[in-house]
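Colleague: I am attaching a structure below and will ask some questions about it afterwards.
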Amino acid sequence: KGKCPEDGWDESTIELFLHELAIMDSNNFLGNCGVGEREGRVASGLVARRHYRLIHGIGRSGDISAVQPKAAGSSLLNKLTNSVVLDVIKLAGVQTVTSCFVVPMATGMSLTLCFLTLRHKRPKAKYIIWPRIDQKSCFKSMITAGFEAVVIENVLEGDELRTDLKAVEAKIKALGAENILCVHSTTSCFAPRVPDRLEELAVICANYDIPHIVNNAYGVQSSKCMHLIQQGARVGRIDAFVQSLDKNFMVPVGGAIIAGFNVSFIQEISKMYPGRASASPSLDVLITLLSLGTSGYKKLLKERKEMFSYLSSELKKLADNHNERLLDTPHNPISLAMSLKTLDETNDAAVTQLGSMLFTRQVSGARVVPCGSVQTVNNYTFKGFMSHTNDYPCAYLNAASAIGIKKQDVDVFLKRLDKCLKTFRKEAKQEKSTNEISDANAATEQLED
């Protein structure tokens with residue numbers, strides 16, 4: 001039926017299925033005689049087994065989604081993967097999505113492919129409207145495609161950084177709609193930035209007849225992010241949304257899903273990909289979804305949401321104990337931020353030192369963001385880089401509840417963070433005490449003089 005099974009398959013069944021697909025490829029035929037330059041020959045048996053002898057890759061030179069006659073098994077694998085992934089995207093919350101395909105590139109290059117496809121539709125356009133998010137790959141995706149990114153600064157509402165809709169519309173009017181390739185928005189992001197106002201942006205795009213591409217990097221795991229995409233498509237315009245395979249389905253880095261609501265446009269993007277492509281990302285995600293089934297994936301989504309609530313409540317307690325606070329970012333369903341104001345006031349280097357301490361204590365993924373750092377990316381200078389704004393009120397630390405996270409991960413992280421912060425407080429007290437003694441000694445010496 002081309003859908004993800006409700007109950008996951010066992011490993012031996014999946015392996016049997018993959019072997020059946022593999023013997024449909026010409027390189028695995030008994031007595032096959034290959035005289036071309038690309039015959040699926042593999043020198044290493046280890047490499048052949050790693051890929052289940054599915055060597056031909058996917059697609060043809062003119063279309064990544066096309067069927068390859070001498071690789072019927074690999075082509076079937078590709079079609080099935082795209083169909084199963086489409087089913088899971090609907091399950092995750094975007095019910096009206098009509099088409100998608102797995103592309104063997106990570107999110108940034110997949111966004112570039114979308115922009116290059118739009119170039120043929122809008123030959124005059126040279127600008128991309130981009131509400132700022134401090135993540136290099138999404139900025140580079142526009143530059144690599146040959147466009148000028150028009151950075152729209154976010155507005156601070158409470159602790160949250162939100163989309164400046166007035167600035168977006170004003171910039172469209174100033175540049176002229178025909179000169180704008182698209183609006184490039186974001187759902188999943190690091191707090192205190194929150195997902196863009198997708199519904200309002202989609203309406204603006206519809207009103208000005210401007211394409212809208214959404215960077216949904218790790219948003220499939222969030223019902224809120226998927227709901228925003230669904231609503232944006234319902235009330236306005238969303239041409240395509242791109243998500244990472246590794247972040248949403250726990251497979252190795254190297255693949256993404258390009259999805260949308262217009263079958264012909266998604267097909268245009270797949271035809272823009274030059275040449276054939278590696279089947280590895282498709283193989284990885286198909287194996288994963290067959291082993292999980294819809295029930296297994298739903299369980300992972302439910303556990304992630306529960307862990308987000310747990311991480312939020314426990315991080316708030318820890319923040320209170322250290323005279324800090326959990327930043328109030330209710331619109332961000334995946335990432336949290338805790339202020340590091342007292343740490344920042346103690347020592348300029350203390351914030352970055354905390355990041356180093358956590359990393360050496362095997363805490364990965366936590367980001368510490370100091371105030372005022374500057375970064376130049378492709379000749380564009382970002383002030384306050386990593387904080388998504390020029391001047392955020394305080395330094396802070398990020399932690400995320402992403403798919404696959406366990407209670408043990410949260411507990412160990414909080415324990416190690418608490419220990420690191422106590423170390424800083426102890427050192428600060430000692431330094432203060434030393435300074436007070438020095439001041440007292442100096443005062444005594446003055447009195448004696």
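Cβ atoms here come from the backbone N, Cα and C positions, even for glycine.
Residues annotated as pyridoxal 5'-phosphate binding site in TrEMBL: Arg38. Summarising the annotation, TrEMBL assigns substrate binding site to Arg60, Ser61, Gln68, Arg276. Residues or ranges marked as tRNA binding site by TrEMBL: Arg234, Arg361, Lys426. What TrEMBL records for Lys247 is N6-(pyridoxal phosphate)lysine. Residues or ranges marked as region 'Disordered' in TrEMBL: 427-449. Summarising the annotation, TrEMBL assigns compositional bias 'Polar residues' to 435-449.
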Colleague: Compare all C-alpha positions of Arg234, Arg361, Lys426, the record's tRNA binders, and send over the largest distance in angstrom.
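Modeller: Among the residues the record ties to tRNA, max Cα distance equals 55 Å.
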Colleague: Which of the recorded positions Arg38, Ser61, Gln68, Lys247 has its Cα nearest to the Cα of Arg361 (tRNA binding site)?
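Modeller: Closest by Cα distance to Arg361 (tRNA binding site) among the recorded positions Arg38, Ser61, Gln68, Lys247: Lys247.
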Colleague: Reported as an integer number of Å, what is the Cα distance between Lys426 (tRNA binding site) and Arg60 (substrate binding site)?
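Modeller: Lys426 (tRNA binding site) and Arg60 (substrate binding site) have their Cα atoms 63 Å apart.
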Colleague: What's the most sparsely packed of the binding-site residues Arg234, Arg276, Arg361, Lys426, counting other C-beta atoms within 10 A?
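Modeller: Counting other Cβ atoms within 10 Å of each of the binding-site residues Arg234, Arg276, Arg361, Lys426 gives the minimum at Lys426.
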Colleague: When a 10 Å sphere is centred on the Cβ of Arg38 (pyridoxal 5'-phosphate binding site), how many other Cβ atoms does it contain?
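Modeller: Other Cβ atoms within 10 Å of Arg38 (pyridoxal 5'-phosphate binding site): 13.
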Colleague: May I ask which residues of the same chain, at least 6 positions away in sequence, place their Cβ under 8 angstroms from the Cβ of Arg60 (substrate binding site)?
Modeller: Ala66, Val67, Gln68, Arg276
Colleague: Which residues does Ser61 (substrate binding site) neighbour through Cβ under 8 Å, counting only same-chain ones at least six apart?
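Modeller: Non-local contacts for Ser61 (substrate binding site): Pro274, Gly275, Arg276.
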Colleague: Least buried of the recorded positions Gln68, Lys247, going by other Cβ atoms within 10 Å?
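Modeller: Ranked by other Cβ atoms within 10 Å, the recorded positions Gln68, Lys247 bottom out at Gln68.
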Colleague: Do you know offhand how many angstrom separate Arg234 (tRNA binding site) and the residue listed as 'N6-(pyridoxal phosphate)lysine' by C-alpha?
Modeller: 26
Colleague: Once Arg60, Ser61, Gln68, Arg276 are set aside, which residues in the chain still have Cβ within 8 Å of the Cβ centroid of the substrate site?
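Modeller: Going along the sequence, the neighbours come out as Gly57, Ile58, Gly59, Gly62, Asp63, Ala66, Gly275.
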Colleague: Among Arg60, Ser61, Gln68, Arg276, which the record lists as binding substrate, how far apart in Å are the two most distant Cα atoms?
Modeller: 10
